[in-house]
Each structure stands twice: as C-alpha cells, then as structure tokens.
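Right, one structure below, let's go through it.
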C-alpha cells in the first residue's frame, strides 16, 4: 500500500469523524465510511473486506503493518537484482509475484509478520479497540527467582491471531500456491513470536534488586527482517501431496526426498525456481534491472557485472557541492568555504 493511499484512508476517516461531530450519528457514519473505504482498497478478498468493514479502526493499522513489511523487504534486497518490486496485481500488501519462488515466500512471510507486529503494538498503545496488554502476564509472582509480571506485556498472540484471520483470508484458491503462501505466512509470524523479548526493572533499597518486575516487548522489526532474510537464503523447495480421492492439495513435503518429510514450521518454502530478474517479464512479474544503480568495483550482487546481467552500464558524472571548513568568528558569524567533488554513478543499460 502506497503512503499516499494510507494518508487518503486517514483523511477519509477524519472527514467522517468531523461529520459525526456535526450530526451526532457515530454508528451509521462509521459504517458508511467503512463501506466506502473498504470497497476502494484493491485486491481484498471477500473475508478481508468483511473484516475491514467490521473493524474500520484496524484497517489503518493493517496498512501500516503491510507497509512496514514492504519497507523491510526493500531494505533487505536493496542490493540485489530483485529489490522487492513486482509487476503483479496491486493489493494492500503491494504488488504480488506471480511465480511461487523464494522471493514470493519472503514477501508473504514479512508482510504477515508486519501486520502481526503493527497490531500488537497498536494494542499495547491503546490505539485499537477490543485489545490491550497481555492479561495472562499480570499478577504472577515467581518467588524462587524473585520476579513478577508487571507493566504492559505486548499481547503478541492477539496480533498473530488477527494477522492470521486477515492476511490468510486472501488464500481462496485450493491449489499448491495456497499451501505455500499459508506456510510462509505462519513462518513469518512464528519468527516474530520467537523473538519476543523479556524486559525487567529492579526494585529494592539503595539500588538493590530484591524483586524484579518484568514484561514482554516486541523486537525491532529490522531484527525480524534479518532473520527472515536468513530463512530466505536457506529456503526449502517443496512439492504438493494430493489426497487420493479428490486429488486436492493436502500438504507440502520437501522435494527430492523419498520420505514424506514436511518442512519445519519456520522454514520458508517455495514451489518454483526463481527467474533471473534480468529483464522485464510480465509472466513472472520481474521488472528487470534496466536503469538500476550498480557498483562498478563490487564483486557482489550490487556490482555492475552481476546487476546488469552482462548488458553493460552507463556512467553519469555530476558535481557534488557543499559547505565545508566552517569557522565561528567573534562576534557573531560563521564563515564557510565551498567544497566540491566530481562524482560518478553507474546505471545498468
């Protein structure tokens, strides 16, 4: 979801809020506003649209979480041929990759985790109705270890459940891609859950730690992104196992193994090999690398040889100018020199 679209949603809700103040009819106005907004959001499945209409306060948070996932995806792949861009259908989760590749696996995992993270944070901050701090982490005292639950523990289970209900609702086709997407959604949420942190505060006389009050907090989303990038690098190719009677996809097993071994719950899985992402290709969703910045001297993925797929690169020269060697003179002005530097950038042909 683009930032301008998110702002549009916010301003529409704001306008309906002003209308409510003037008319004094909250329920009907909110319902009308939710219907208008939810019908305008591209790519929503019927169940997602129903959730949007019943929980209009949550749709902005969902959008923030989806955008957080997209931003993290772009950060993790900023130096690769594929930079988290696609030519697929526009949805609240960005443009979808048409190929069931390891890149698609990452995008599903990171956006599912992003929605769970954003919803959990909004609940802890009191920005969503029907949720708050984790009630199960209140009042317990561990006398042996000298600590008790206190403060506001993030209710990550609520965030995960909400992400599961909303994000997974777009999987309506009964095929192998559905099983792949659902597995990767769950893997992203599981990585988030496993990285929850315990923070404690000491209580006692003169700085001693007679007792501790502890609570759980969300990890930084960058940490989740790094972990999922590692999962992407070790992604597992799978194939579908079909039921004997209806021949419908039943579960996924690791490909090239004789046994029916299922992937681990935190594995990212894919069913199709990745394209090379060198050229624009509507069939795969690849946008190609033409015009991408590259590093002429790097031997890595961001190097011009790799990034440009052997097509060569263009050199662009420009002069960078800035204020430098600034000194304060009494009294009272600052005098600076003007420095300049000739700079080159390289883009793929």
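Here the Cβ of each residue, glycine as well, is placed from N, Cα and C on the backbone.
As given in Swiss-Prot:
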DISULFID  73-84  disulfide bond
DISULFID  123-131  disulfide bond
DISULFID  133-152  disulfide bond
DISULFID  200-214  disulfide bond
DISULFID  202-209  disulfide bond
DISULFID  278-309  disulfide bond
DISULFID  294-304  disulfide bond
DISULFID  308-348  disulfide bond
DISULFID  324-339  disulfide bond
DISULFID  326-336  disulfide bond
DISULFID  331-332  disulfide bond
CARBOHYD  83  N-linked glycosylation site
CARBOHYD  127  N-linked glycosylation site
CARBOHYD  295  N-linked glycosylation site
LIPID     206  O-palmitoleoyl serine
REGION    238-266  region 'Disordered linker'
SIGNAL    1-24  signal peptide
Most crowded position, judged by CB atoms within 10 A, among 123, 200, 331, 332 as disulfide-bonded residues: 123
Pairwise Cα distance for residue 308 (disulfide bond)/residue 278 (disulfide bond) [Å, integer]: 7
Cα-Cα distance linking residue 206 (O-palmitoleoyl serine) and residue 131 (disulfide bond), given in Å to the nearest integer: 37
Secondary structure content, the region 'Disordered linker' (238-266) (per DSSP, counts of residues): 0 helix, 11 strand, 18 coil
Cα proximity to residue 336 (disulfide bond), best match among recorded positions 123, 152, 202, 295, 309: 295
Distance, residue 332 (disulfide bond) to residue 133 (disulfide bond) (CA atoms, angstrom): 54
Those disulfide-bonded residues listed as 84, 202, and which of them has the most Cβ atoms within 10 Å of its own Cβ: 84
